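Record features, source TrEMBL:
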DOMAIN    245-347  domain 'HTH araC/xylS-type'
TRANSMEM  12-28  transmembrane segment
TRANSMEM  48-66  transmembrane segment
TRANSMEM  73-91  transmembrane segment
TRANSMEM  97-117  transmembrane segment
TRANSMEM  137-159  transmembrane segment
TRANSMEM  171-188  transmembrane segment
Amino acid sequence: MICYTKPNRKTNVYFLIILLIVGLQRFLNGIEVLGYSTNTYSPLKFRMSLAFFIVPIFYLFFYRLIRENNNRWKELLHFFVPISIVLIDIYVDSFKIHYLLYLIFSVSYFFSIVLLLKELVLKNKLSQFEKKNYQTIKTWAILMATITFLLVIYSNYFLFSEFNPHQNLNIFYKFSSLLWLILIVYMFRNPVIIFGEQHLIKKIRENTPQEILIWNAKPLKTIEQKDRKVFDVVFPKIDMILLDIQMLQKNISIISTITLTTKTMAQELKIPKHHLDVIFKYYCHYSVNDFSNLVKINYAVSLIKNGYLKKHTVASLGEESLFKSRYTFSQNFKKFIGVSVSEFITTAP
């Protein structure tokens, strides 16, 4: 994410640097295009060695986004080569950047970015909280990677091209600005990118707990032959059964006294247990055990919203939610909400 309000979170300063550079470049280029100046304001033409800063900044942006940690001293090491080359360029008159040096440098960093992006795309160990915004962050990261790729191609071409630099620069700004516009619009349409988990936690408090995606409208996988007979019986009334289960999830008098397993739900709904087994197998995003725990956590969240912890302890909240131990309650709260109970409470207005 870009910005955090909690002290233990770090703002992705590299994205802010990228936005500043991109905005300043286009502002100065606009002055030239409008005819206020005949000079080219590209830093790459002012001093070509500055190009060595481009890809490391983008790499560190992706590193903070995907790894979600930072080490300032290690990050500074990435600027050792760019700073050294710029200083040599300033103080050694005969110094000339060799094309292959920058090509190898920029392509190596971009390859590292691709590996980071691969980590994000193939990430499979996600908490239920992370699943809520995973697709948004992944799409945003791919858009940023596309822009980075164009920058690598453009910077190599522009630095060593024999063609008109003014024309090349204007064409690049024209097309890259469209991509930046798409990215910025996408960013503001998805506030989680800017504000991170605190925004989602606030939304969780504002929305009903049952809005977390549990059921799928269509089977999640191919029906196995051994389940075909039961499935054919259940399918014509699947919508009604799912609606009844959702009503059970909201029934405080039930979820506050019994754990919703296929056995207890079958008793409440007065349908065969093996019907529910098939429904959970093909229509639920969770196992029966995870579903039961999620319903308990949703109930706990509703209790917190209603001020339960003003008069009771967290341990009591776990017992009230039908968990057998505080540890199990805390583990499941973290699993489904993404933060601990204490962190969740601190987000209260």
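Quick reminder: no glycine exception, Cβ is built from N, Cα and C everywhere.
Given the structure is predicted, the values throughout are model-derived calculations rather than measurements.
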When you scan the chain for residues with a C-beta under 8 Å from the transmembrane segment (48-66), skipping those not six or more beyond its ends, what do you find?
1, 10, 12, 14-15, 17-18, 75, 78-79, 81-82, 85-86, 88-89, 97, 102, 105-106, 109-110, 112-113, 116-117, 119-120, 137, 141, 144-145, 148, 151-152, 155, 159
Is the transmembrane segment (171-188) packed against any residues at least 6 beyond its ends, judged by a Cβ distance under 8 Å, and which are they?
22, 25-26, 29, 139-140, 143-144, 146-147, 150-151, 154, 158, 194
Looking only at the domain 'HTH araC/xylS-type' (245-347), how are its residues distributed among DSSP helix, strand and coil?
75 helix, 1 strand, 27 coil
